[in-house]
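What Swiss-Prot records for ASP30, GLY159, GLY257, GLY278, SER279 is D-ribose 5-phosphate binding site. Here Swiss-Prot flags LYS87 as active site, schiff-base intermediate with D-ribose 5-phosphate. The D-glyceraldehyde 3-phosphate binding site annotation in Swiss-Prot covers ARG171 and is backed by sequence analysis.
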Amino acid sequence: MDKLKIIMEKGTERLKRGFAKMVKGGVIMDVTNAEQARIAEEAGAVAVMALHKVPADIRKAGGVARMAPVEKIQEIMDAVTIPVMAKCRIGHEAEARILEALGVDMIDESEVLTPADPFFHIYKKKFTAPFVCGARNLGEAVRRIWEGAAMIRTKGEAGTGNIIEAVRHVRLVNENIRLIQRMTDEEIYGVAEKFAEPYLRLAFSVKEISGLPKRVLENEPIYEGFTYREIVEDIYKILLEIKKLGRLPVVNFAAGGVATPADAALMMAMGMDGVFVGSGIFKSSNPPKMARAIVEAVNHWDEPDVLAEISREIGEPMRGQAIEELQVRMEERGI
């Protein structure tokens, strides 16, 4: 690769990650119109996520969930001074290009929307806009970081008001990082090989359909022109960085099921850099009070007396849903 191109790519990645660091320690709220966006901004949100419907309503509506209408995103962008993010479908590069052209501050390649590509996520390094992506475990997180995500969030189980899956994902990532820190570099290389395997799915499917052995050649491109070995080498470098840092090398937020100030405080206590709140604000009985309380809870997560005061007279939280009752598990979308 051309030396200047490498320098430019690294500079772009620094800029993208720099934006993510600007929202660190804050709350990002899902909004569906200008009025909700203003409520979020007044409550102290560091950014808003523009959607057509909040996840609880997406879940209820069923069908195919797509990127929000351009007019809706523009209306929200015009209403607030804080950064505006928007979601595209997993693997839907055209939706992402439209969002980038609109000038959104960050793109969420989101499992909350119906996936567009059954094999791959977007190669995010081709974009100038930063991306945030969900992850259930360290393998998913590292793959998204390798593809160019500037920020990671837990997937949780969006639209349920149930924090259990977000907690599961935080624990899985954190424990896997501790395991990586105890490993030799040789053992970590083996983990990198395992984490790179999902990129082989398309190649193996085509080989199987063609009656050929499920294996790839050393120089055979499998994703965006990269060979399996090239992907392994890059993932290995990310894992070595994680071993050194003791955490992900990008900002890591909680998302999926945050419905109360206590939920938000729990996520911060578990080491998260901030919190996304989807349905939890505008499906509560008093959105302005709940929004302000969750922002305060993130700011004072380690002060129980303050949390107790914050939690007074904020109305009813959204009605929660048991995970085992769900017909659709959004967290399982993606690779």
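Cβ coordinates come from backbone N, Cα and C, glycine included.
Since this is a predicted model, take the numbers as computed values, not measurements.
Distribution of Swiss-Prot features across the structure.
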{"residue": "ASP30", "record": "D-ribose 5-phosphate binding site", "CB count, 10 Å": "29"}
{"residue": "LYS87", "record": "active site, schiff-base intermediate with D-ribose 5-phosphate", "CB count, 10 Å": "30"}
{"residue": "GLY159", "record": "D-ribose 5-phosphate binding site", "CB count, 10 Å": "27"}
{"residue": "ARG171", "record": "D-glyceraldehyde 3-phosphate binding site", "CB count, 10 Å": "12"}
{"residue": "GLY257", "record": "D-ribose 5-phosphate binding site", "CB count, 10 Å": "30"}
{"residue": "GLY278", "record": "D-ribose 5-phosphate binding site", "CB count, 10 Å": "28"}
{"residue": "SER279", "record": "D-ribose 5-phosphate binding site", "CB count, 10 Å": "24"}
Reduced DSSP state (H/G/I helix, E/B strand, rest coil) at SER279 (D-ribose 5-phosphate binding site) is helix
Quick note, ASP30 (D-ribose 5-phosphate binding site) and LYS87 (active site, schiff-base intermediate with D-ribose 5-phosphate): C-alpha atoms separated, nearest Å, by 10
Expressed in Å to no decimal places, the gap between the Cα atoms of GLY159 (D-ribose 5-phosphate binding site) and ARG171 (D-glyceraldehyde 3-phosphate binding site) is 21
Students should find that the Cα atoms of SER279 (D-ribose 5-phosphate binding site) and ARG171 (D-glyceraldehyde 3-phosphate binding site) sit apart, in Å rounded to an integer, by 23
For ARG171 (D-glyceraldehyde 3-phosphate binding site), the three-state DSSP class is helix
Whole-number Å distance separating the Cα atoms of GLY257 (D-ribose 5-phosphate binding site) and ARG171 (D-glyceraldehyde 3-phosphate binding site) is 15
Integer Å value for the Cα distance linking ARG171 (D-glyceraldehyde 3-phosphate binding site) with GLY278 (D-ribose 5-phosphate binding site) is 21
Rounded to a whole number of Å, the separation of the Cα atoms of LYS87 (active site, schiff-base intermediate with D-ribose 5-phosphate) and GLY278 (D-ribose 5-phosphate binding site) comes to 12
